[in-house]
Every structure is written in C-alpha cells, then in structure tokens.
Amino acid sequence: MINKQLLYILLLITTVFSLVSASVFASRVEDKPKSIYDILVTEQKFHDFLMQIEEAGLVNDFKNIDKGTVFAPVNEAFEGKTTLIAPRKNLTKEQLLYHIIPVSLKSGDLYDGRLLDTQAQLDGVTQKVKVLKSTISRNIDVGADNGQELGRVLEEMDATNGMIQAVDKVLPLPVYLDETLHINQETENFYELAKTARIDRELKNAKGNTIFVAKDDFFGDTLDPIQKKYLLEQKGGRKDLARFLDHQIAPKIFYSHDLKEGKSSIATVEGSEELDIVVKHNKLLPSTITVNGVKVIHQDVLSANGVIHVLESPILPKNKEFLKLSARKVLVGMNATRFIELFDENDLGSYLDDQNDVITILAPSNHALDEPKFMTAADTKSWLKYHIVHGRYTPSDLQDGQLLETESHGDLGNAFQRIDVHIVSQDQDYENDKLFRESITFGKAGVLGDPVTVGDNLIIYPLARSLVLPRPPLSRLPVNLELSTFVAGLYASGAGEEIENAHGITLFAPTNEAFSRLGLLAKFLLQPESKKKLEQVVTYHAVRGIFYENSTSEGEHREVTLSSGAEIRLNKTDHGFFVRGSGAADGNDRNTIAQVIDADILTSNGVIHTIDRVQLPSSLEITNRDLLSAEGTNSLLNLLERTNLTDKVLDSLDKDTPYTILAPSDQAFGRLNLTHLLENPEKLLKVARLHILPVALPRIDIGETADNSYYYNIFGKKKESNNDRKEHKDVPMTGIDIPTLHGDTYVVISKGLTGGYTVTVKGTSQEGADVINLGRSSAGGGVIMIDRVLLPKEELHRNGLPWWAITLIVIGSLIGAVILAAAAYIGWRYYQTRREGHISLSNPN
C-alpha cells in the first residue's frame with residue numbers, strides 16, 4: 001500500500017518536473033532573437049504579405065536576407081484589393097523583391113531624398129526606392145515619388161539579419177518613363193509633347209534615360225507663337241519637336257547622387273549640345289542642382305527605366321539656329337500648308353528651300369487662300385510668284401505708297417510686277433522688327449500678325465487673304481468713271497486690243513475734263529470718220545517701258561509710244577510728274593503740258609497714270625477744216641468755202657504760217673442777214689477776213705483762271721516774245737491785240753475777271769463776242785468758237801447802233817428828263833414862296 005502511494009507521488013513529481021522543464025524551455029525559445037522571415041511568420045499583421053511571398057516562391061529569398069531591410073506591408077495594405085468579383089491578384093516576384101533593401105536601415109537612416117537600391121530588376125535596371133521625410137510631421141514615406149502610391153512607415157522592428165519597416169501600402173514597382181511622365185502632374189506636359197513627337201514608345205523601351213523636364217510650359221517665352229504652332233500643331237514639326245525633347249534627355253541614368261559635385265557636362269540623345277550641370281551635395285539633405293543655369297526643383301522622380309528631374313523653367317538649346325527655321329517650317333507654323341503644296345505642284349518649291357535668296361514672302365493661310373479658278377499653268381505660276389517680293393522688308397522698311405518688286409513677270413516682258421504697300425498710320429517706331437502694325441496691307445490683303453524672320457535673308461508676312469494679280473488695263477480703266485471718255489476712245493479707235501496685248505507699257509490716261517479741254521478737237525476725234533486719227537491720239541498715251549512715279553528718275557526722258565513710234569517727253573521734277581507731247585507753246589504751257597494727278601495704278605502689262613491734259617503726237621494732222629466740221633460752225637465753213645482762203649486757212653498744215661479762226665456759231669449767224677452777205681462777195685470777204693487771225697492759237701484756258709506761272713520752266717526756259725506769229729501769246733485781263741486779215745483791223749481778246757474770254761473789234765463800239773469753245777490744229781493755229789458775228793467798222797452804221805449804245809442813249813435821256821423835271825419843280829416852289837411874301841431870314845446869330 002505504501003509502495004503504491006510512493007509510486008503515485010513519484011509519478012506526480014515527474015509530471016510536475018516535466019511541465020516546469022517544458023515551460024522553462026519554451027520561455028527560453030521565445031526569448032531567442034528572430035530573423036526577418038521569422039518575424040513575418042510570427043507577426044499576424046504580416047500574414048497577407050507572407051502569403052504573397054510563399055505563393056511567389058520567394059521564401060528562401062526572404063530567409064536568406066543578410067543585413068537587409070524589408071518594407072513590409074501590413075494586412076490593411078491588402079484590403080480592398082480582393083472582392084467576390086475580382087479575386088486577390090498575386091504580386092509579381094519583382095514587386096515583392098522591390099520591398100527588400102540590401103542594407104539594414106533604421107528610421108534615423110531614412111533621410112529625405114535618400115535613394116535606396118532594392119533587389120528588384122527590370123530590364124537590367126536595379127529599381128530604387130526614394131525616401132520622403134516631412135520636416136514638419138516627421139512622417140516617412142517611401143516609393144517611386146512619381147505619382148504612384150507611397151508607403152508610410154508605421155513602425156520598425158529589429159531582426160537578427162536586419163530591419164523590418166512596417167508600411168501601410170504595398171509599394172508598386174515604378175512604371176516606365178512614358179507612363180511616369182503621364183501620371184505625374186509636373187511632367188504631364190512633356191508627355192503630351194512626346195506623344196505629339198511620337199517618341200513616347202522610345203521612352204517606354206529605353207534602356208536607361210535621364211529626362212530634365214521644365215515644369216508646366218516646355219517652351220516658355222523663348223519661341224514665338226508661329227514657331228510653337230509649327231512644332232505643336234503641324235505634322236511637319238514632329239521631327240523638330242522630337243529634337244527639342246531629345247535635347248533634354250540623357251542616354252544614361254543620372255540620379256542626383258550620381259552627379260559629380262561642381263561643374264560637369266552631360267551628353268544628350270539629340271547630340272548637338274551638352275547640358276551644363278552644377279551640383280552642390282548637402283549632408284542629409286537633397287543636393288542643389290542646376291542645369292544650364294536652371295534650378296532643379298524636384299529631383300529623382302523614379303521610373304522603371306530611368307529617372308526624371310523637374311526644372312524650374314525651360315532649358316531650350318542655347319544655339320539660336322537649333323530649330324533651323326526655313327520658309328517651309330514657318331509657313332507650316334502659319335497654317336499655310338496649301339500654299340506650300342501649290343508651290344511644289346508648280347515646280348516653285350525652290351523659293352521655299354533656298355536660304356540664300358533675299359526675299360519677302362507674303363503668305364495666306366489655308367482658310368484665307370483663294371485659289372484662282374480656270375487659270376492656265378503659266379498664270380498660276382505668275383500668281384504664286386506674285387507672293388514673292390524681291391528684298392527683305394521689315395515693317396520699318398515699308399512706307400505708304402511704296403511699290404515692291406515681285407518675282408512675277410506676267411505680261412510685263414522682262415520687267416517684274418509690283419505690289420503696292422499701304423500704311424494707314426505710323427505713329428510708333430519700328431525699332432523692334434517684331435513689332436507689327438495692323439495698318440500694313442499689301443495690295444488689298446491685310447497683314448494678320450507679326451512677320452517672322454528666317455535667318456538674315458528672309459521674312460514672311462501672314463496675310464488675311466491671297467493676293468490678286470493686277471488686271472488688264474481695259475478691266476482697270478472702266479472702274480474710274482473720270483476716264484470714261486478715254487475708255488470710249490480706246491474702243492472707238494480699235495486701239496484697245498493693241499494696248500491690252502502690249503507687254504511692259506505705261507499708259508497715261510487723260511480724264512474726262514482733260515478731253516473737254518480739247519474742245520472742238522475732242523468732238524472731231526470722237527466722230528466715226530476720225531477713227532484713224534483717234535487711234536493715233538490714244539496710242540500716243542501708251543509709252544513703251546514701265547515708268548512708276550516713285551521710281552522714275554528726275555529730269556527729262558524721251559520715250560517711244562505705241563503711236564507709230566512717236567516720241568513723248570516725260571519729266572520728273574520737284575513739282576510733279578509731267579508729260580509733254582507736241583503743240584505746247586513753250587516749256588511752261590500748262591494749257592497743253594499734262595501733269596500726273598493719280599499715279600501708279602498697276603495693270604497686268606504695266607502701269608496707268610491719270611493725267612489732266614490730252615497729249616497730241618506731232619504726226620497728227622488736224623486742220624482748221626476738221627475743227628470747223630466738228631459741231632456748230634457749219635455756217636462759217638460754208639462762207640469760207642466761197643472765198644479763196646480755203647487752201648491756206650482751212651487745209652494748211654504749215655507750222656510756219658498758222659491761222660486762228662474766230663468761228664461764230666450757227667446760232668450767231670442766225671441773227672444776221674446771211675443772204676445779204678452771200679449776195680455781196682466783197683462784204684462776204686471782209687467779214688471772213690475779219691474772223692481770220694494770222695497767228696498761233698492764243699493761250700486761252702477756258703474754265704481755268706488761275707495764274708499758271710507755277711509751271712514755268714518745267715521743260716526749259718520761258719520763251720521770250722519776239723512778235724513771232726508762231727508764238728502762243730498769253731491773254732491777260734487787260735486784253736491783247738491780235739491782227740486780222742482784214743487790212744489793219746485788230747481784234748482784242750481779253751480774260752474776264754470771273755473767267756471766260758471776250759473778243760471785240762478794236763476801235764469799234766460793237767458788242768464783243770464771248771468765247772464758247774476752241775480747238776487747236778496741227779499747224780499751231782486753231783478755231784475759237786464765239787457767240788456773235790464780228791463786223792468790220794464800215795458795216796456798223798448799216799447795221800444800226802449796238803444794243804449797249806442804244807441802252808446808254810435811253811438811260812441818258814431818262815436821266816436828263818429827271819434833271820429837267822427836278823429843276824422845274826424847284827423853280828415853281830421858289831416862285832410860290834416869293835408870291836406869298838414869305839422870305840426866309842437867316843439866323844442873326
């Protein structure tokens with residue numbers, strides 16, 4: 001019994017001892033230091049992370065860590081990643097290895113900006129983790145710092161083989177450079193540019209690049225709007241845009257700590273320029289880095305295949321010719337691609353490619369381009385060349401009214417067509433060539449924006465519309481109603497076609513008023529039977545050669561016309577541009593010499609100037625008979641034909657013996673007993689001779705009373721009077737005596753105070769005749785049409801007193817009668833006063 005109890009006691013002691021021993025052993029096992037993997041196994045908070053490790057087959061990798069650090073996501077980091085619809089997605093091996101740092105790091109070692117190598121590899125690039133430490137909250141975040149999720153360190157745990165830094169997020173592997181640029185707000189603009197330039201795929205496949213990205217605007221204010229438009233909005237700018245981007249991409253990976261302190265240079269993918277790097281490393285703080293003098297404000301934005309550094313402002317190439325601007329590139333930037341296509345289609349592309357030509361291009365954009373319809377290939381080429389101006393003209397070089405020489409010939413022969421410049425105002429200086437004035441127009445096309453210079457030889461103006469070639473002269477002339485008589489003369493003479501088909505001519509177009517100044521001559525020329533002579537006159541105003549007013553040299557020029565080679569004089573002076581044909585009395589005869597009053601009207605085959613006098617060629621044969629037959633003087637013509645004076649007075653062309661005929665109108669003859677004259681040949685001859693002046697046509701300027709001395713000497717010295725019958729004498733207001741063929745009888749021609757001219761027979765009291773029209777003959781004489789028939793002295797008494805004499809007699813008689821009546825009345829009053837005894841007494845004082 002005792003033995004049995006002893007046995008129970010011994011068994012109890014053994015059991016207690018075993019339990020105590022087991023407890024002590026377990027306690028010793030629990031107190032033994034654990035490895036990183038053991039902690040992951042034993043700590044429930046890392047359960048989900050451990051399962052990912054086991055499923056990826058990386059247990060040994062985590063067990064074999066030697067003095068490393070693991071950023072271990074807690075279970076909460078995996079919450080929300082698993083649903084009934086979307087089961088949990090296993091992490092890849094590389095993503096799990098991205099959590100392993102092959103260095104043991106305590107929290108104090110995790111300073112802001114520190115880059116840590118991981119055990120993850122992508123395309124041969126060791127992936128890094130960046131530490132971000134807040135200076136205020138002291139929170140520590142880790143990750144790629146590229147817009148992807150960051151893990152925040154929650155706590156740290158010591159292990160026998162390193163450290164565990166518990167984080168609240170699974171650390172995603174850095175994405176490739178293209179996606180990194182896309183997801184980061186600071187670099188998104190660069191990504192869009194890379195897509196436009198089509199280098200985004202190159203960035204994705206790069207084997208290690210460093211990109212320096214300007215925050216926000218890549219170009220800044222360095223490039224003008226047209227250059228930016230060319231690079232950003234047009235297909236033709238893709239290659240150049242890629243060059244700009246590649247200028248900021250290095251072909252190697254340069255993390256901030258890889259850059260040497262001090263100055264250094266980094267080659268770029270573009271290759272033409274290196275980037276100047278200046279670095280100052282700071283202990284436990286991010287380095288201070290500048291690139292081409294621009295500060296890096298965000299270092300080490302990590303990517304799977306490179307790194308990005310964000311700059312404070314753009315770092316465009318230092319070489320101003322980096323873009324290698326050409327006419328084509330600028331036109332693309334101006335959205336003038338159709339303009340380029342037309343040049344290429346018409347074999348004119350060399351104008352856009354040759355950088356040595358000094359030219360100005362006037363370029364309409366696609367929406368402003370108005371392509372001419374139904375044009376031949378030659379006409380299209382001429383139209384396109386009209387947009388090319390010889391010489392490089394900045395806004396400061398342009399002046400209102402300037403005519404610029406273009407590359408277009410058209411119908412000008414060897415000459416080049418011009419384009420006119422209009423500037424409404426120039427109230428600011430153009431010292432800056434980029435300053436644009438909206439008032440500038442070329443032809444009728446306004447300039448839309450600042451011109452763009454290309455090198456030293458080329459400048460391009462964007463136009464609101466395409467240019468229109470000058471039209472043929474017969475299309476331009478009818479627009480001006482003041483030239484309707486000249487236009488009618490062109491068609492009536494049949495000279496229009498000749499002028500239209502001529503190459504390189506200057507057309508001096510007289511106004512309607514100029515034709516009216518010809519008086520009877522104009523009426524004669526416009527008659528159907530005068531067609532040939534009208535053609536002579538019309539073509540005499542077409543000069544072979546192009547004479548623009550602003551480019552014609554000063555002095556006298558003798559130039560050949562289309563009128564059978566007849567010459568005409570052109571004279572450019574300080575007072576204006578003058579034209580002189582034949583028939584001028586002398587160099588100051590503004591009754592005949594024309595002045596240009598509206599200059600430089602461009603046409604397809606030359607230029608038109610409007611003039612104020614019609615010019616006559618010396619070969620034009622106009623007799624007094626021609627002038628008398630024009631209109632309203634047939635009565636005198638019939639009288640003269642009954643005399644023996646017709647040959648030398650009516651039909652003579654001898655310039656040494658000119659005759660001027662005073663021609664009463666048919667209405668004036670209607671007030672005379674013409675039958676009596678016709679029945680008396682002697683009287684008829686006297687009247688006829690009285691109306692014939694053996695002198696050149698006096699300077700009678702109907703409708704113009706102003707002194708014309710301003711125009712003296714424009715073609716030479718004023719001719720001195722020598723009583724030569726060929727001299728065209730001035731007619732003053734005091735009158736001028738002119739001999740007639742009627743013996744010693746003179747007529748007096750005088751100018752009225754308010755205009756107009758009067759002709760009287762000298763020494764007679766007969767009423768004077770008013771000049772109502774005139775015309776000049778080729779011999780220098782002409783016809784002066786008057787409104788009254790002049791009578792010789794001896795015929796006056798037979799025809800009674802003139803009306804004014806009768807009027808004076810009547811008025812004198814009436815005045816005499818009034819005086820007599822007044823005297824009689826006064827006498828009667830005096831008589832009555834004396835009879836009544838009233839005597840007026842004087843004042844005694």
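Placement of Cβ uses the backbone N, Cα and C atoms for every residue, glycine included.
Positions annotated as signal peptide by TrEMBL: 1-22.
Residues or ranges marked as domain 'FAS1' by TrEMBL: 33-171 (among others). Averaged over the domain 'FAS1' (33-171), the predicted model reaches a pLDDT of 91.
The domain 'FAS1' annotation in TrEMBL covers 174-315 (among others).
What TrEMBL records for 323-448 (among others) is domain 'FAS1'.
Among the features that TrEMBL reports, domain 'FAS1' is placed at 470-615 (among others). With helix defined as DSSP H, G or I and strand as E or B, the domain 'FAS1' (470-615) counts 50 helix, 45 strand, 51 coil.
Under the heading domain 'FAS1', TrEMBL lists 620-790 (among others).
What TrEMBL records for 803-828 is transmembrane segment.
Counting residues per DSSP class in helix, strand and coil order gives 35 helix, 25 strand, 66 coil for the domain 'FAS1' (323-448). Residue counts of the domain 'FAS1' (174-315) by helix, strand and coil are 46 helix, 44 strand, 52 coil (DSSP-based).
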